[in-house]
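Q: Pasting in a structure now, in structure tokens, and then I'll have a few things to ask.
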Amino acid sequence: MMEYKSESFHIQVHAPPSDAANEVLSTDALRFVGYMCHTFHERRQNLLGARKQRAKEFDAGETPKFLNIPAVQDPNWKCASIPSDVQDRRVEITGPVDRKMVINGLNSGACVYMADFEDSTSPTWKNLVEGQLNLRDAVQGSISYTSSCTGKHYSLGKKTAVLFVRPRGWHLNEAHVTVNGKLASGSIFDFALYLFHNAQRLITKGSRPYYYLPKLESHLEARLWNDVFITAQQYLGLPIGTIRATVLLETITASYEMEEILYELRDHSLGLNCGRWDYLFSYIKKFKLHPDKIAPDRSCLTMESPLMEAYCKRVIYICHKRGTFAIGGMSAVIPRKDDAKKNEMNLKCVANDKEREVILGHDGTWVAHPALVKCARDIFDKHMFAANQIESKPMMEGAKVTEADLLLLPQVPDGKAITSKGLKCGVKTVLHYTEAWIRGVGCIPLNHKMEDAATAEISRAQIWQWRHHGLVTQDDGVVITSHRISSLVDNEVAMHTGGRWKLAGKLVKEMLSQHDRLDDFLTTVCYPYIVTTHCEERRARL
Ligand SMILES: CC(=O)SCCNC(=O)CCNC(=O)[C@H](O)C(C)(C)COP(=O)(O)OP(=O)(O)OC[C@H]1O[C@@H](n2cnc3c(N)ncnc32)[C@H](O)[C@@H]1OP(=O)(O)O
Ligand SMILES: O=CC(=O)O
Ligand SMILES: [Mg+2]
């Protein structure tokens, strides 16, 4: 077993040995991960406890309030100055950390490639350690790959995107690693290994360790990240402020603490990003028991919805006021190869989304696929004449956004809000995504859209909510019951063989139709099924 023991902590790795793990988890790397996990274990647990307490208040009918902390209101502070290699972030591509994706993402022509351990990666041990190895090789410039199917060879081009890394969110444990017998934090594991192996080389190349931070629910969670950065930099002898991070503003509670989040991270901040899919999921999850906040079909939850418009305006206003980036989000539409006309329509759909973002004042945007880079870039080039619009678009309308504006769902005509088609599509999405995830695949194409751990969660949360409130699908007047949901799951499972459909069907039925409580995350429910069999004892504790 790989392990390292100091006076204060004992880190152990409980996974089958592999070449990738041997390379990534050197003794010094293990010592760093162990030190970081040990130092921040209790604070992380307390903050996860605070999430639960807050959830109870929302269940009792409360809604979030702006904090208005005096030090944060001070007009004089700004976020850290922007390094030269990331002044222009107009197009950012995201994707899982597998070898081909990393090379394709870096070669895609986007300004940034965000290598993702969160929404689009199923955190199997193999995916994680190989992902770290891929990122190390990418930073060294030596990464290459030859497809065993096509024989095609992949290596880095002359000009590559700047690399950002998104570690897992605070809620996820890394069950293959314990520190003093306690499960390691997935966030710290991903963050620390990337920093340990790459910080010096990135600095030598004139870049930095850049991160995206997902699923924060409060400014105290941002403070935790900031302290993690300070401690890690001190440990590795890096100047404070070397690390830079963009926070995904993707929970409804964080929306009431945007400025506080930037304030906490100001010496390391590279702004905020509108993570629209997790944001919608978080809204439904936090207000699941509020009868006046029942979300309509997923297709009605567009960026033109009042709550989404208010949220984006406020992100842009706060970020630009504090001299930093307000990055837009991801259109889930992806290119299709089967029909040229329909592909054109998909591209148009993405272009419209990007046009709305750049005109509103975002400084850049996300795409899910290399074939969308040009489309997004053309739109931003047409409307954004400098590297970003931090100075030129103060978006003062964002200052007027009220607490209530952030909660306003779209008005959908009677009969169209909750439909049998929406229900069926939602069940299919949760099932297909769960099946892929427990097979080790964290992002899939489904109905010509990208589905990941944020998009699929919207479907899961809203179906649970509809059933819990005993609602009917309005086109046929039929009640949404556990039995109806289970039949839809069974019918879809019956259409597939192989894979992990049976297990996925069982888990999805439990999550949607049997559990009285809405599970916090699909990924935490499914995680025990991807933990290696070396971890039976810890699996039972998950
Ligand atoms: C809500 C959020 O959090 S958004 C962020 C998380 N989500 C993501 O990052 C989405 C990432 N995107 C993907 O994983 C994929 O694009 C999918 C799953 C949606 C579609 O995948 P596929 O159907 O396999 O795409 P497709 O076959 O069209 O891919 C064509 C080529 O583009 C590459 N490619 C596709 N998406 C990406 C990407 N995001 N980054 C890099 N390369 C990519 C493929 O590797 C493939 O390369 P090849 O031609 O050399 O073999
Ligand atoms: O991470 C992005 C999102 O939309 O969720
Ligand atoms: Mg997200």
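Placement of Cβ uses the backbone N, Cα and C atoms for every residue, glycine included.
A TrEMBL annotation is a machine prediction, not a hand-curated record.
Relevant sequence annotations retrieved from TrEMBL are reproduced here:
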{"type": "ACT_SITE", "residues": "Arg166", "note": "active site, proton acceptor"}
{"type": "ACT_SITE", "residues": "Asp452", "note": "active site, proton donor"}
{"type": "DOMAIN", "residues": "13-68", "note": "domain 'Malate synthase N-terminal'"}
{"type": "DOMAIN", "residues": "162-407", "note": "domain 'Malate synthase TIM barrel'"}
{"type": "DOMAIN", "residues": "418-528", "note": "domain 'Malate synthase C-terminal'"}
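Where in this structure would I find these features, and how exposed are they?
A: Arg166 (active site, proton acceptor): 26 other CB atoms within 10 A of its CB, across all protein chains.
Taking the Cβ of Asp452 (active site, proton donor) as centre and 10 Å as the limit, one finds 25 other Cβ atoms among all the protein chains shown. According to DSSP, Asp452 (active site, proton donor) sits in a coil region rather than a helix or strand.
Mapped onto DSSP classes, the domain 'Malate synthase N-terminal' (13-68) shows 39 helix, 1 strand, 16 coil.
In the predicted model, the domain 'Malate synthase C-terminal' (418-528) shows an average pLDDT of 97.
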Q: Between Asp452 (active site, proton donor) and Arg166 (active site, proton acceptor), what C-alpha distance do you get in Å?
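A: About 14 Å separates the two Cα atoms.
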